[in-house]
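Written out below as structure tokens is the structure these notes cover.
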Amino acid sequence: MTQTSAAPTTTPSFYEILNLPFPSTGLSKQQLKIAYHKALLKHHPDKAVAVAKENLPSSNHGPAQPPSNQKITIDAITTAYKTLSDPVQRAEYDRVLRLDRNRVNGAGDKNGNGTVFHTGLEVVDLEDLDCDEGGDEAMWYMACRCGDERGFSLSESDLEREADSGEIVVGCRGCSLYTKVLFAVQDD
């Protein structure tokens, strides 16, 4: 039985706080800075009245907006800006945001959008896996509760294949369990 009678009370995403579209792959540092300054002006207690009267036009690319009854703090705006300004933090935040939205939305639709949600799917970070760098390419592995010490195994080429999504679902080689591994691609 699902609950649909009450609207979920969620905090706005960093993209909603800064009135930016998600995902925003082509977002420049200048666009981010402009959005940050607009958000500060819009939500600052001393400036909010003046900005509300201006009724600024929205952009054509369909930015996400927080619910109008949400109170956005200056600290939240600053945190959003700092997180989205750092490429590594932003990639991690985007992954977590996608994962959370998949859980809320039932993890995909009948058109193949989104990912399939597996009940009991354990989500881990690549750093939580053991790494074996001997041989032609690095291998990451993790023990499964079925007893196989290297039940969940993946190679560097597996990670490269899924670099755009930053996540990969791996099945145990000894049983029917799956785990989702999250990772970030770092440019050297």
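Just so it is clear, glycine is given a Cβ too, placed from its N, Cα and C backbone atoms.
Here Swiss-Prot flags 13-97 as domain 'J', drawing on sequence analysis.
Look at Swiss-Prot and you will find 120-184 tagged as domain 'DPH-type MB', backed by sequence analysis. Residue counts for the domain 'DPH-type MB' (120-184) under DSSP, split into helix (H, G, I), strand (E, B) and coil, are 9 helix, 25 strand, 31 coil.
According to Swiss-Prot, the feature Zn(2+) binding site maps to Cys144, Cys146, Cys172, Cys175, an assignment based on sequence analysis.
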Across the domain 'J' (13-97), the model's average pLDDT, rounded to a whole number, is 74
Cβ within 8 Å of the Zn(2+) site centroid (Cys144, Cys146, Cys172, Cys175 excluded): which residues?
Arg145, Gly147, Asp148, Gly151, Phe152, Arg173, Gly174, Ser176, Leu177
